[in-house]
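Enquirer: My questions will all concern the structure given below.
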Amino acid sequence: MVLLPNGHPLVAGSASASPLVRALRGDRPERTPVWFMRQAGRSLPEYREARKGTTMLEACLDPALVAEITAQPVRRHGVDAGILFSDIVVPLLLAGVDVTIKPGVGPVFASPVRTAADVAALPSLGSAADRGGFDRSLDVVRQAVSASLGLLGETPLIGFAGAPFTLAAYMVDGGPSRDHLEARRLMIADPETWDALMNWAADAAGLFLRAQVLAGASAVQLFDSWVGSVPRDRYVARCAPATARVFSHVGDLEVPRIHFGTHTGHLLEDMKEAGATAMGIDVTVPLDEAARRLPGVPLQGNIDPAVLGAPWEAIEAHVRDVVRRGLAAPSHVVNLGHGVPPDTDPEVLTRIVDLVHGL
Ligand code: CP3
């Protein structure tokens, strides 16, 4: 059994009996759990207020502010989970990589990583055991998790990280790109350099996840948002092993492992196989179809974010349809098929939570 720093056994206590964790373990709790990817963010006026005068990455490194922003959507909507307010590039920043987040754009790297020499020049990560520089720098994440638990009370906290392909898509391209062409080129042209980069990213993400779980997160989600641009055979050969390596960093900890990417209909089975215990489904695959393809696997998803701007009748019909299709899976955590669009009316999200809880 793994003990938390406070001496309590991991995943004991109220959060492990929460509807979220029960559903992620394959149970159907009385109340169907619901939360939203990117629930903490610009759709909330209290978020915009809290973030005033602070850059995104500064905010991620301020434990009290992280806790406040993590708790905001739980307070407002009554969702069944908080997700740590952070970003997939935070572990890279903490490792010493020169990265910023440009508002309205996304992560931007000072030096794209494209050659064997670039990969060799990445900061050393050490290991959790040797308390090297990276592990120590993760203390700010541990503090942010502890502070968030303090505000969340009984509501479980989800920890997360970016999967190696999605991190590499930014690192190789140097910033956001439409189809991740530079990353997919490197994967084919220089597989050895590619694999080395993927392994580095896997350890950075894996140690980041592990720190969140040991500080008290009740479940983890690994985002491979952009891996849908990779064909299946190349995913299996050049991406899945590194994803498995991320999951192996938390494999001895008894927390559910959700895995999610967009446009990943061709990869669902392989992504599950990489070490997930539950799968997030994007809008392109109906949940009943996903349930047939992933027998016995708890599913999360997949309300279309595009429906959030429609009249309530259309939203309600869509949510009911998603919940009905979700009955084909052993269990279902209601979520969107991707993140909350920043211009979403937050009252719509609250109404969806009430609708799902009332079904
Ligand atoms: O509420 C939550 O879901 C937790 C917070 C969270 C953020 N980023 C906060 C954030 C999570 C889980 C992420 C993960 C993330 N970051 C992913 C994977 C999930 C996904 O949406 O696919 C990716 C691809 C990133 C990279 C990234 N960071 C992008 C594309 C952006 C948006 C840039 C912009 O301004 O539109 C960011 C910045 C970011 N991360 C914001 C938030 C709330 C916006 C920052 C702001 O408020 O200005």
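Cβ atoms are placed via backbone N, Cα and C, with glycine included.
On a predicted model such as this, the values are computed, not experimentally measured, just so you know.
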Enquirer: According to TrEMBL, R38, Q39, A40, G41, R42, D87, Y170, H338 bind substrate; so which of S225, S229, S248 is the extra one listed there?
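Expert: The one candidate that TrEMBL places in that substrate site: S225.
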Enquirer: List those of the recorded positions R38, A40, D87, Y170 whose Cβ lies under 6 Å from any atom of ligand 1, in sequence order, or write none if there are none.
Expert: R38, A40, D87
Enquirer: Mean pLDDT over the domain 'Uroporphyrinogen decarboxylase (URO-D)' (33-42): what is the value?
Expert: 96
Enquirer: Same chain only, sequence gap of 6 or more: which residues have a CB within under 8 Å of the CB of R42 (substrate binding site)?
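Expert: Same-chain residues close to R42 (substrate binding site) (Cβ under 8 Å, separated by 6 or more) are R48, P342.
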Enquirer: Could you give the maximum C-alpha to C-alpha distance in Å for the residues R38, Q39, A40, G41, R42, D87, Y170, S225, H338 that bind substrate per the record?
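Expert: So the maximum pairwise Cα distance among the substrate binders is 23 Å.
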Enquirer: Any idea what DSSP makes of Y170 (substrate binding site), helix, strand or coil?
Expert: helix
